[in-house]
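K.L.:
As annotated by TrEMBL, transmembrane segment applies to 49-73, 116-136, 182-204, 235-256, 323-346, 394-415, 448-468, 474-499. Residues annotated as region 'Disordered' in TrEMBL: 290-311.
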Amino acid sequence: MSTGPYPGCTSWVPWDHQAWQAQAKDEEASASATPRCGDQGQELWTRDLCIVGLILGWGAALAALSTGIYTIASGPTETPSFLADRVAFVGPTSVAFTATKDPYIIDHRVYRVSEAAMVIIPLLLQVALTFVSACLDSIHSTTLRWALLREGRSFHNTNLRLLTASRSSGPNGWPANLASSFGLVLAYAGTVVMSFSVEVVALFELKPKDGKMVSSYDYAADLGPHRFGIDFNGWGMLGLGTGLLIQSSICTWCMVRDALERGVGTWNSNPLATARACQRIDMFRYSHAKPRTPESDSSQPPFAEPRARQPSMRSLVPATRTIANWIWGVVAIYGILALVVLLLGVKIQNSASIDAVHKKFREVPGFPEVWRYFGQLKYKYARVWKGHTEWRGLLIQCLAISPFLFGLHLTELLGGLARDEAIWRAAATGKRGASPESSLLLESVKSWPNVVVFVAKTLIPWIFGYGLVCNTFIIMAFFPLLTVLVMFLIVGVFAEYLIRATPKGPQPSTYGDVRALVALVDDESWDHDRIYWGDKGEYKDVDGVRVAGTAQEKLGELQMDALYIGLAR
């Protein structure tokens, strides 16, 4: 017989979804004879939340697309009065506007706002994008999870959504994953170049001198109360809309396919809910008594002494070692970029000095000005008032933003594995045990690694928008890039901690391995809202051996010097 994944378990058989469908059709009694994947353990609230997120994705996509197309197609508009005869920074780009009927920057629109709104609006847009992306990610990752489980190719509750493909599910195959990856990059790049802060810094006037018109700047003049605005780039909105449209289309495909084939056992991504759904449809069949653990060898006896520490993530999920290395590779990329920008700012453009920053402002620059403009490099790729050329900037921004999105996607997997482990360990350490019914949204908020990942996915793209942005010029600044580097260093340390940490206590670690959870939880425990893990008393068949397992009521702690069935070395 073939060797199974647990000690004493000689074989396991992945669920054959197609074979079951044929059998159910022949028997004409699928609902009563064998539960369809999707009828048991279905979390309708989570599914409905996914549908709401999908609606938001479509709404945001169509709104951004239509606005972007209108902005580009309607042509230039007049320069607003608060910018007339003024020098203003549009993002990091300095632009002089005259009081004549010259148009505003082509493919852009500008609106006067307060200083606080100028700073907060881009951040709020980034938060909104992160939320909508999380909803779309949930749909895509849920259907991928069940496709991989059916194929017997991955048994973890959390997977690398864009770097793992199904062989049988079209919306989770490699072509769809590549399209979804492009859509993700396009959406984030579009958000970065979609809005820019506008700040008036000087009066501007053209004066005749020696038969020529010479520019005159007055940084000491009274600029009035209306000095701030926000600029919207039509190509950025078009990029955001296109990116969300691609992702929403693939997620709609996922939902339609599930409606037709009913391949998702539960939309609740709680690992216990996934394991319960697998148990109820008999996805894994074992030939020997449970429970078992994934790190064991079948040649070992099923009795073991409890251990004070459990294996780390890098021990049970070896792929996480490679993931951590890739994250450090992203750190190296942005470290090199920040160093190159500093060296070029010093050697070529002479922008890496306080004096260079002071020349841009009428007053002595404070910390925000020094942080944004110290070591700034500028390379022009488009003309401000002629030609629809900002699409080049969008593509350049996509290339620049791709490495850290890749790094954040990898970090998201580690956060998900840590969250899955925390949910399972609550069965022994939590006052209320663990619950398959709990919402993953709530569990994610309670999981500090997941909160760290969400904050990183929101702040790093926002900060990067100050470090490298395309707005007529490719503009890079040293301190924002250094900030991104420091944040990714923190992410790297965070990743190393997650994969090296050894959970405390004798409860076997699983990191969301669905086979392990199905094996470790007693069958009768799935019928209850709460699951507790601990000492279940003496084992009847062997003297001196005790049982570690689950129940619907609080269990006692394991005796660290006793032998147990249900543990493995």
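Cβ coordinates come from backbone N, Cα and C, glycine included.
Those TrEMBL annotations? Automatic predictions, nothing curated.
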K.L.:
So which residues does the transmembrane segment (448-468) touch in its own chain, when a touch means Cβ under 8 Å and the partner is 6 or more beyond its ends?
P.N.:
92, 122-123, 126-127, 130, 134, 188, 191-193, 337, 372, 397, 400-401, 404-405, 408, 411-412, 414-416, 418-419, 474-477, 480-481, 483-484, 487-488, 491, 494, 498
K.L.:
Return the stretch with the most CB pairs under 8 A relative to the transmembrane segment (474-499), choosing among 49-73, 116-136, 235-256, 323-346.
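P.N.:
Comparing 49-73, 116-136, 235-256, 323-346: 323-346 has the most Cβ pairs near the transmembrane segment (474-499).
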K.L.:
Going along the chain, which residues at least six beyond the ends of the transmembrane segment (49-73) come within the CB cut-off of under 8 Å?
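P.N.:
For the transmembrane segment (49-73), the sequence-distant neighbours (Cβ-Cβ under 8 Å, at least 6 residues beyond its ends) are 107-109, 128, 132, 134-136, 138-139, 142, 190, 194, 232, 234-245, 247-248, 251-252, 255, 267, 388, 441.
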K.L.:
Name the range, of those listed as 116-136, 182-204, 323-346, 394-415, that has the largest tally of Cβ pairs under 8 Å with the transmembrane segment (235-256).
P.N.:
182-204
K.L.:
Rank 182-204, 323-346, 394-415 by Cβ pairs under 8 Å to the transmembrane segment (116-136) and hand me the top one.
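P.N.:
Selected stretch: 182-204, with the most Cβ pairs under 8 Å.
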K.L.:
So what's near the transmembrane segment (323-346) in sequence-distant terms, Cβ-Cβ under 8 Å and 6+ beyond its ends?
P.N.:
160, 314, 352, 374-377, 403-404, 406-407, 410-411, 413-414, 468, 476-478, 481-482, 484-485, 488-489, 491-492, 495-496, 499
